[in-house]
Amino acid sequence: MILIKNVFVNGKRQDILIEGNKIKKIGEVKKEEIENAEIIDGKNKIAIPGLINTHTHIPMTLFRGVADDLPLMEWLNNYIWPMEAKLNEEIVYWGTLLGCIEMIRSGTTTFNDMYFFLEGIAKAVDESGMRAVLAYGMIDLFDEERRERELKNAEKYINYINSLNNSRIMPALGPHAPYTCSKELLMEVNNLAKKYNVPIHIHLNETLDEIKMVKEKTGMEPFIYLNSFGFFDDVRAIAAHCVHLTDEEIKIMKQKNINVSHNPISNLKLASGVAPIPKLLAEGINVTLGTDGCGSNNNLNLFEEIKVSAILHKGVNLNPTVVKAEEAFNFATKNGAKALNIKAGEIREGYLADIVLINLDKPYLYPKENIMSHLVYAFNGFVDDVIIDGNIVMRDGEILTVDEEKVYEKAEEMYEILRS
């Protein structure tokens, strides 16, 4: 049992009582309710829901700064994919731990990941105390033999993650994109998603080049093509990027309840474009936030994404009223929880105890009149305490689950292997 005393939460000073992995009570907590509770002093602190990053490639912390200032296809073909060919479980494990440290320190408690060597990722997630949805990244390049291997691996990893019996680690399916995956693979992904009741995590409409490739091959835009053979039917889908969209595609997204992972910083850095977020919001489409991998961002600080998502669309639409501060904050909290189907993203009784505490005695958080504005437009992301699944993962700036110095040392060692 954990008691956070006298913390600013949901607009006023209150106590938060945590029992097991859930929030038991918000309000005044009596002494008889907290026998043997660990007490955290919430004085001068605000409690916010843990942030939810809906599109990552976590081990790519080791690719940070490797290939900057390049277009997506050149970035992938000439730099990223050749380095990824050298990956193994150990490299992925240490890269993931490095990412978990970075996310915990910047208030992220849950992430939705697509990558390889999931045993290493799952081990790191388990040790760090984070919550994650993990998908094996599937690419068959329209080759039948490779397709069978990818589908076999995807199913193997779903069963592996389920066998861990860890409620913090959940499986998903991760077909990379329609320009790297065959129709046959994508159709089978839909079947597997229904069979195992897991979400689909996919890249869609990230660049004009990608859309052109799909149109040349199929005669249709990506969402229209996928919808033509029922890819979105009866499944929960998280579509990363969604930068260039036709009105017909947006109509499909609304009909099929597509969850969008908006990655504004990665899309800007790779010059992919700007997603039409105000248009998607007007249609009632669930918009969430992702950082993408560190190779294209180059960090995992979701507070930066919140700020950029709030200001970017004001600028490109010449309208200061679009994507208001609270709306942008919700992208990274309650909207992310909805996309991943977890009872989190809000500090409410009965919800998962994924809570972040921020010391308000910082110059950029004064005056204390409009804290939501400060969190979105002024905060740098350095949080003080992190609770995930009812466990204290970081206290007063010290991570309790991971040996940070060892991770930093091993990260350099793993990077040298990748660059050799």
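Note: Cβ is positioned from N, Cα and C throughout, glycine not excepted.
The annotation in Swiss-Prot ties HIS55, HIS57, HIS203 to Zn(2+), and of the candidates under consideration, ASP126, ASP292, ASP354, the one tied to the same site is ASP292. In this structure, ASP292 (Zn(2+) binding site) belongs to neither helix nor strand by DSSP; it is coil. A straight line from the CA of GLU84 (substrate binding site) to the CA of HIS57 (Zn(2+) binding site) spans 12 Å.
Each of the binding-site residues HIS55, HIS57, HIS176, HIS203 was scored by the other Cβ atoms within 10 Å of its Cβ; the lowest score goes to HIS176. For the pair HIS176 (substrate binding site) and HIS57 (Zn(2+) binding site), the Cα-Cα distance reads 12 Å. Cβ proximity to the Zn(2+) site centre (mean Cβ of HIS55, HIS57, HIS203, ASP292, cutoff 8 Å) flags the following additional same-chain residues: THR56, MET114, ALA240, HIS241, SER261, ASN263, SER266, GLY290, GLY293. Of all the binding-site residues listed (GLU84, GLU206, ASP292), GLU84 has the fewest other CB atoms within 10 A of its CB.
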